[in-house]
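Q: Attaching a single structure in C-alpha cells format; questions to follow.
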C-alpha cells in the first residue's frame, strides 16, 4: 500500500470513528406490531419516566392513545403520550400533520384532567404540515363516494393533507409563523385547488385566515427546528423515546394496502419523520396485543365472527379511541408478526392485554398461512386478494382460566400464561421483555 493510500485509509477510519462517537446516546422506538390499538401509549408512559424527550414522528390526530396515570385516564391524539411526565420534553416532529384546532382542543381537555406546564415542555417542528378543515371535508367526501368499498378512514383529513404535501402545495407550520401575506397567498391557492377538484366544498377564506392569524400566535411559542434540537440532545447524551402512531400493518408501504393510513408507521417513518440517521436507533420495541384487533375495513385472516370475537371485544373493551367504532377481534397472528418484525427489526416485545384471555379454556394462535391448494406460504401476501384467499393454520394452547389482573411478577403468572408468552417468544425469535395485565402502568410486568 502506498503512503498516500495509508494516510487516506487512516483519515477515513478517524472520520468514521468520529461520526459513530458523535452521539452519546441512542434513540429507543416504540412501534405497534399489528393494526394499531396495541397499547403503545401505556408502554411509552412507562418508559417516559426514564427519558428526557418523547417524540411523535408521523400521522396526525387519526391516532388515539390512552394513558392511565395516578388513576386519571388521558386520551391523546396529537400529543405524545409521554407528555404526562412533567420531567420530559415532548416533540411533534416534521413527519406529523397537525390540525391546530384539534391540537389546542386536546390540550384544553387534558389540562382539565390535570396536565400542567405544557407550554414549557412541548416542541412542534416548523417543518410539520398543517391539516385544514377542508382536508377533513374532502376526506369524508372521498369515503362517501366509495360507498361499500370505503377504506374506513377516520375522516380527520390525514390522507388529503399528506396528498397536499406530496403534490407540493401543502403548508408547513413555519410558513404560518412567517410573512402572513405569503401564508395567505398559499392558503388561497390550496383552497382554490381543492374547490376546483371538489366543487361542493365551501370554504370561507377570509374567516379561515382570521382564525389562523390567531392560531399563529397561539402556536408560536411551541415551534422550533426539532431536527437541530434532537441532534444536539443526542450529542449531549439525552435519552430519546419515539412513539410510533398507528401500526406496522397500517403502513402506507408495508401494510394491507389500500386499507392503510397515509404515512410510514414502521421504522423508516421514525427516521424521515424526525430527521434522524439510522445509527442513532438503539432499541426497537414491538408492542403486541395478546390477540389481534382491527378498526375499519380490510382483510383480517384471524378474525372471529363468533362468540370468541364477541368475548374479546367485550372483555377488552375494544372501542376505538379516535373513531369510537367497535374493533374487530381475532386470534394472535404469528405470520403477521414475523412480517412486521422483519420490516422493523424488533429488539424486544411488550405483550399487552394478556388478562383479556383469562377466561378462555383454550387459545388459538395462527402459525401459518396456506394457499387454497394447501401449500404453505413462506412470505406475507402482498395484495389483499392474495391475503383474502389464504387459509389459516392454528396451534391450540391450553388456557389458564384464572385472573392475572393483580399479578406483578412473571413467575407468579399461571404456568399456561407463561407458556403462551414463551410460545410467542420462540416463534418470533425476539425476547418478550414486558407483559401487560391491566390498564395502568403498574400492571406491566417486567419479564426478565
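Cβ atoms are placed via backbone N, Cα and C, with glycine included.
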Q: Pick from 325, 408, 422: which one does Swiss-Prot list with 37, 38, 39, 40, 62, 63, 64, 65, 154, 168, 246, 261 for the same IMP site?
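A: As annotated by Swiss-Prot, 37, 38, 39, 40, 62, 63, 64, 65, 154, 168, 246, 261 share the IMP site with 325, chosen from 325, 408, 422.
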Q: What kind of secondary structure is residue 42 (GTP binding site) part of, going by DSSP in three states?
A: helix
Q: Any idea what DSSP makes of residue 65 (active site, proton donor), helix, strand or coil?
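A: Where residue 65 (active site, proton donor) sits, the three-state DSSP reduction gives strand.
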Q: Count the Cβ atoms, other than its own, that fall within 10 Å of the Cβ of residue 324 (substrate binding site), considering every protein chain shown.
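A: Residue 324 (substrate binding site): 9 neighbouring Cβ atoms within 10 Å.
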Q: 10 Å Cβ neighbour count around residue 354 (GTP binding site)?
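A: If we count other Cβ atoms within 10 Å of residue 354 (GTP binding site), we arrive at 24.
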